[in-house]
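According to TrEMBL:
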type	residues	note
ACT_SITE	E111	active site, proton acceptor
BINDING	T34, G35, S36, T37, D89, G90, A91, D92, K102, G103, G104, G105, K129	substrate binding site
Amino acid sequence: MEGIDKNKQDQEKLSAAKAAFQFVKNNDVVGLGTGSTATFAIEELAKRIQAGLKIKAAASSVKTEELALSLGIPILKLETLGSIDISIDGADEFTESLNLIKGGGGALFREKIIASLSKNSIIITDSSKKVDRLGAFTVPVEVVPLALQYVLNQLAALNGKAVLRKMDEKTFVSDNGNYIVDVDFGLLDKPEELALALNQIDGLLAHGLFIGLTSKVIMAKGDEILVFE
Ligand SMILES: O=C[C@H](O)[C@H](O)[C@H](O)COP(=O)(O)O
């Protein structure tokens, strides 16, 4: 990561995670994100439960659910929840206008459902994630396998350079049994317009542009905590 070493970055992730807990109350349903930053929040939540906090949680991925259960965090099924009090998740990029790119870990669809259900959707980040314009990080999209070629055609028509995500030389498959395609649209002047265009593509289950879904971003920078809302 440019300009920040990993230890410092992890320290910032942990500080941002801790700062998010001022907003978590007893009896809340808490949405849990996925990724290295969300993992700091999940570990912190487990400590607070051991200290007496009473919450139930919903997980944005199989990995997060397994980690949460292993730490004694009670997990509710996402499909049973009509709303979530607060969610805590990471991001790959964010702007001061609270637009995000997410999905570096492939969990974008469930993360988006959780963010959409959340009354208070909190993003926690280290200082490397703040950008003036989204798009240096490619936009992940989740694609139903049988629609792959159709979706690739539509992405090309939007001038996106698409790469099918692989892991260990095999096609990456999401928790929902779908493919992830990472799309380079260059730096985005109008992320809202791109999000609307991607919403129109049949077979494209979800994209990693989170527009208007975030209540606040808590970013740690060194010893400082900055809140964007
Ligand atoms: O699919 C993964 C998520 O959207 C993550 O929240 C995002 O990729 C950020 O991950 P990390 O905290 O590991 O940088």
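Backbone N, Cα and C define each Cβ position, glycine as well.
Structure coloured by features recorded in TrEMBL.
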residue : record                       : Cβ neighbours (10 Å)
T34     : substrate binding site       : 29
S36     : substrate binding site       : 14
D89     : substrate binding site       : 29
A91     : substrate binding site       : 28
K102    : substrate binding site       : 31
G104    : substrate binding site       : 21
E111    : active site, proton acceptor : 32
K129    : substrate binding site       : 24
Other residues with Cβ within 8 Å of the Cβ centroid of T34, G35, S36, T37, D89, G90, A91, D92, K102, G103, G104, G105, K129 at the substrate site? G33, A38, A107, E111
Which binding-site residues from the list T34, S36, K102, G104, K129 come close to ligand 1, meaning a Cβ under 6 Å from one of its atoms? T34, S36, K102, G104
Helix, strand or coil: which one is T34 (substrate binding site) in, per DSSP? coil
In terms of Cα spacing, which of the binding-site residues S36, D89, K102, G104, K129 are within 10 angstroms of E111 (active site, proton acceptor)? D89, K102
How would DSSP class K102 (substrate binding site) in three states? coil
